[in-house]
Each structure stands twice: as C-alpha cells, then as structure tokens.
Amino acid sequence: MKFVDSVIINVSAGKGGDGCISFRREKFVPKGGPDGGNGGDGGNIWIVSNTNINTLTDYRIKKIFQSENGKNGLNSNRSGKNGKDIYIPVPLGTRIIDNDTKKIIIEILKINQKFLVAKGGKRGLGNTNFKSSINQTPRKKTYGTLGENKNILLELILIADIGTLGLPNSGKSTLITSMSNAKTKIDIYPFTTLIPILGTVKAKKKKFIIADIPGIIKNASLGIGLGIKFLKHLSRCKLLLHIIDITINKKKINKIRYIILKELKNFNKKLFQKTRWLIFNKIDLLKPKKISQIKKYIKKKIEKNKKYYFISAKKNIGIKKLSKDIIKYLYKKNKEYI
C-alpha cells in the first residue's frame, strides 16, 4: 500500500434551509395569522482523530466532501430539519492547512480530538418571526445562508519520540526491529525502507515510539533518493539517532556524518538543531582489535560533548543500554512524559 502523507480535499458545508411564508387556513379561523416555520441549519463538516488509521490513503480518490443542506421551513410553524454533519477521520499527527492561504488551521494531536473545519449555513426565518402589532400578516421570510467552502491540505507528520537517520544500509531498519515490535523489510539493497515505519520500544517498564525513514544520500535535498521527502516525519521527535555503518573505512566516518548533517541543514534548520546521538552499528562484523582502533579514532575526531554508542543491531549488542539511556533522556526532558 502506498504511503500517502499529503492530500488536498474540498469541504463544502450545507446551505441553511429557507424560511416559509404561510398563514393559518382553518375552518372558523378565516383570518389566521402567519405560521411559516424556519429552515434547518446546514450540516457541518468536522475533522476527527482516529487511532485506527495511519495514512491519508483514503483521500487519494475521495477528495470532495459535501454535508447536507438544511430543509426549508414548512407551514404550521414546522421547522425544516437540520442537515446531517459529516465527520472526516484522520490519523494523529495530521496538520490541517488552508490550501488557499497556506495558513495552518490546527494540528490533530490528541485522541478523540474534533475540529469544525467547515460550518454549515444559518437557517432562514419563516414569516411568523416578522409578525408585529403593525403588521399582522407579514409576507416576509429570510433565506438560508451558504455553508463554508474550503480547499484543505491534509499533511500527516508522524508522532514519534525518537527518529533514526542515516545512509541506506546503515542498519536503521535492523535497529528498529531489534528494539521494537516493528516489522521492517531488511535486505542488502539500498532503499529497502520505502515508507516511514513506527515501532514501540519498552524499557524499564516505560515505552517510547521510534520512527524509521528511508535512507538519506548525498544531494538528497536536491531530490535524489527517497529519504528527503520523509524528513518532515522527524520534526516532532525529541531525539535523533544517526546510524553509521562502522565497517566502512574509519577515515570516511566524519565525511558520512557531514553528508547527513548537510542534508538536514538544507531541509530544515530546526531539524538540524535537534539533539543527535551517533550510533555506530555492525560491530559484530569486526574483530575486537579493529573495534578498539576505531573507538580511539572516533574519540579523537568526535566533539567531546557528543554522545555516541557502539552496537550491533543484528546481534542485539548494546541495544538494552541504548534503550535505557533513551528512556532516561526522555524522562529528564519531561518528567510527566511517561
């Protein structure tokens, strides 16, 4: 299934029903007064959060939403029925944007969140409302007003605590699988992660959500590769894990770091400024002596305040400590977080 995280829809709320002009016409009441009822209000259109969906795929085809018009008023002071409301379910993390002005209207971030995106038109008034001491037989009514009509951009930005980034085949998917309950496709080919994937990690009786996006390559910000368009899904993360394949030539480690950093900076400065930990993966493929040499090299080259780990996602080496440290970091950032 294609991962759809951005779609434009049209929402058109119902028109209000018109008021009615009518007079009582009953036996023995030859000059009955006005009895025209009011119209009904037009139906509203609501955006509602739904935890059972995680993409906007449903709206690739269905793009127009029209709620019911209010019914016209009737005689005998009978009001027209209100138009039925429409509810549009979206995943948590969906941003609602006015596509004409490009203004963010609201972000859907809470369970059971509900937002009125297009209000139905107001009902028209029947002639009963215009009776007065000087006008006992009013022939006046008002018409229902039009409902709101908007072009809305729905943009999904995943909600995750931790995000992973790195070159293709650095082991991001293996790490997510090792740490969490996510099931990702793992191969030796580039771009085996084709869509963002979320996993839940439990450690020390607490848990966090971790996101994996397709690998980023050099010049990704110019449109090369797959990862750059999914970088927005890391914007809500509190911590980024930069995964590096330790089996490469040690002198290329910093070069690889800066490839990713450059693409981050080009994409979004706020994302570039997020806290990042370096995760050196695949230590199971090297002999202890080689690992020791690389550790010494990295200690010289990496900034003193930079946090880094040596792990094997495949062999589950160092994963437990990494998970615990992430929990500590998140808890320290916000004591009410977990």
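We number each residue from 1, going along the chain as drawn.
Using the three backbone atoms N, Cα and C, a Cβ is placed for every residue, glycine included.
Note that the structure is predicted; figures quoted are calculated from it, not measured.
The domain 'Obg' annotation in Swiss-Prot covers 1-159. Among the features that Swiss-Prot reports, domain 'OBG-type G' is placed at 160-331. The GTP binding site annotation in Swiss-Prot covers 166-173, 191-195, 212-215, 281-284, 312-314 and rests on sequence analysis. Feature annotation from Swiss-Prot assigns Mg(2+) binding site to SER173, THR193.
Rounded to a whole number, the distance between the Cα atoms of SER173 (Mg(2+) binding site) and ILE195 (GTP binding site) is 11 Å. Reduced to three states, the DSSP call for PRO214 (GTP binding site) is coil. Among the binding-site residues PRO214, LYS282, SER312, the ones whose Cα sits within 10 Å of the Cα of SER173 (Mg(2+) binding site) are PRO214, in sequence order. Taking the Cβ of SER312 (GTP binding site) as centre and 10 Å as the limit, one finds 21 other Cβ atoms among all the protein chains shown.
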